[in-house]
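Novice: According to TrEMBL:
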type     : residues : note
COMPBIAS : 282-292  : compositional bias 'Low complexity'
COMPBIAS : 300-316  : compositional bias 'Low complexity'
COMPBIAS : 317-331  : compositional bias 'Basic and acidic residues'
REGION   : 282-331  : region 'Disordered'
TRANSMEM : 23-43    : transmembrane segment
TRANSMEM : 49-73    : transmembrane segment
TRANSMEM : 94-115   : transmembrane segment
TRANSMEM : 147-168  : transmembrane segment
TRANSMEM : 180-201  : transmembrane segment
TRANSMEM : 221-239  : transmembrane segment
């Protein structure tokens, strides 16, 4: 008798989030980015040593990624979504829906700020305030930079930002640091190019403020779509062309290569390994009893097999005796 030792059951991974959950997460994260980052710029008092606007923007995206990055990937930026798709880290079928969700989230955040500002007494023109938040070049640039300078600054800054995201979410990166590294990286870049264009790096953010501003903000909006998207594509192509195969995560069935995915996947793998080890140990503990039972069965098998053999021998002897008696009688 033999016994089959069952292999440990496979550890079940959590079911992926649905499309609706991902889109809501992207809208929420972009809402947090615009409402938090732009809100600090609107209502902070420089004489009271407030949180710098650049740091508020970086902190907003870090908190958003930490909060819902495990659901959607925590892009919150059309340029990031496009760059990750070009790099092979996001499924292309998600790109249009993600971008629409990001625009909606940014608009809702800015609209709430607009409504809040309008409650201020003796405020004649809210658009003037939002013009100061919008992105621009030439006359709309804080330092009057021409379009060429604004385009270059936005392309380079967005390319660097997407590169930071790709590197800190790679397999070899320090786990658990992605949200804060991305947030601090964005804060540095926003601080660096704010005097040039008021620091977009995010077409959804630029769209949200341009719609509530006055002057030519809408007319210059194309600059803050074209430049960030171009910078993201450049980084995505470089990463795809020169990144190692270990760093390239193709689009999965879940369709997302999220910013915090590596830390999340690593934690799940560690948990799965631990549970698998416990299962193996449990099976190993049961193995001696199974082996002992098998040994007992094997020990009994010879006596069981010997009985038919003995019966055959006895039958053979009886047959021989009868043959001898027959021949004795014949003689």
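Glycine residues also receive a Cβ, built from the backbone N, Cα and C atoms like all the rest.
What you see is a predicted model, and the numbers here were worked out from it, not measured in a lab.
For the listed features, I'd like the structural context: burial, neighbours, distances.
Specialist: Same-chain neighbours of the transmembrane segment (23-43): 17, 50-51, 53, 56-57, 59-61, 63-65, 67-69, 71-72, 74-77, 97-98, 100-106, 108-110, 112-113, 117, 129, 133, 202, 204-205, 208-209, counting only residues six or more beyond its ends whose CB sits under 8 Å from a CB of the stretch.
Using a Cβ-Cβ cut-off under 8 Å and counting only residues 6 or more beyond its ends in the same chain, the transmembrane segment (94-115) has close neighbours at 19, 22-24, 26-36, 38-39, 42, 72, 75-78, 81-82, 85, 126, 130, 202, 204-205, 207-209, 211-212, 255-256.
Under 8 Å from some Cβ of the transmembrane segment (180-201) lie the Cβ atoms of residues 52-55, 57-63, 65, 77, 79, 133-137, 141-143, 145, 149-150, 153-154, 157-158, 160-161, 164-165, 168, 223-224, 227-228, 259, all in the same chain and six or more residues away from its ends.
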Novice: Within the same chain, where does the transmembrane segment (147-168) have neighbours whose Cβ lies under 8 angstroms from its own Cβ atoms, ignoring anything closer than 6 residues to its ends? I mean 6 or more beyond.
Specialist: 79-80, 83-84, 87, 89, 136-138, 141, 174, 177-178, 181-182, 185-186, 189, 192-193, 196-197, 199-201, 223-224, 226-232, 234-236, 238-239, 243, 247, 259
